[in-house]
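Sequence annotations record features per position, and here TrEMBL assigns DNA-binding region to 29-72. The compositional bias 'Polar residues' feature in TrEMBL is assigned to 301-315. Annotation comment: TrEMBL describes 27-71 as domain 'Homeobox'. As annotated by TrEMBL, domain 'TLC' applies to 74-275. Positions annotated as region 'Disordered' by TrEMBL: 283-327. Look at TrEMBL and you will find 83-103, 123-142, 207-226, 246-267 tagged as transmembrane segment.
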Amino acid sequence: RFIAKPCAINLGIQDSGPHRAQPNAILEKVFTSITKSPDGKRLEGLSKQLDWDVRKIQRWFRHRRNQDKPTTLTKFCESMWRFTFYLSIFFYGIRFLWTAPWFWDTRQCWYNYPFQPLTSRLYYYYILELAFYWSLMFSQFTDIKRKDFLIMFVHHLATIGLITFSYMNNMVRVGTLVLCLHDASDFLLEAAKLANYAKYQRLCDAFFMLFGVVFIVTRLGIYPFWILNTTLFESWELVGPYPSWWLFNGLLITLQILHIIWSYLIIRTAYKALVRGKVSKDDRSDVESSSEEEDVTSNSTKGVFSTSSNGSNRINGHVTGGQWTEE
């Protein structure tokens, strides 16, 4: 309200919503009481009742669905909040872990386990991360529903489960490594969305490509060969097959499966960008496209992100023709 909104206004972002649907009592009653996306049979019935063309009725329902979406200004403010948090918590984690012995030698995560001290800095790091992911869990049900809703729901559950479970079992050392690794790319995605909302397309594309590289390197490279290696093999060697070993590693492997799915989507988007000379649309995009987007032809010249995105996290943070939309 006091920081992000003035920044958005200075960048020329207007607090204006999508095109509003023409007032119509019959269609409004169908929209609110029966269905927001009528099938072909219902469309034909409405067409005869109103003496409207079917295409015009489809456009009305599209406009009506889109008019409830948040404005670009709202999405900018939300992305700026997420960007601020991700960037701050990432640098806090790096600064904290830089002097931690287990950051340089992962075997230190298991020496003298579970009798390892819990410092205040480590405690606050955990509590901040846990609070943030709980907020994402709840806000997911109020944000615009996306195609990856189920994947993100599983991701948040696995993340909250890992943070809570590792804290209860004093596996906080390896837990901090997992948290810091996941924060490394998320702020870049939010930065790309901010640039898109401000219509700095080249900057947006650059941030997205950088995000893709960091995401793949950290989630498909460092995570399995550094994190999973120590939780699966080094912990087995130094501590043994403790009872919670199976659940802890099961959650970590679940995250890795999600990493593979999202990396595939990122790579496919980048491939289309190379083929077409631009980035098209994220497979994690909103279920509904904006009316302006659907009315344009397939040779739209939009870039990495569509302004129809609501700015929520997720390729964690996440292509069908059109434009890229994020989180």
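Numbers here mean position along the shown chain, with the first residue as 1.
In case you wondered, yes, glycine gets a Cβ from its N, Cα and C as well.
Just so you know, TrEMBL annotations are computer predictions that nobody has curated.
In terms of DSSP secondary structure, the domain 'Homeobox' (27-71) contains 31 helix, 0 strand, 14 coil. When each of 123-142, 207-226, 246-267 is scored by its Cβ pairs under 8 Å to the transmembrane segment (83-103), the top-ranked stretch turns out to be 123-142. Summed and averaged per residue, pLDDT over the domain 'TLC' (74-275) gives 88.
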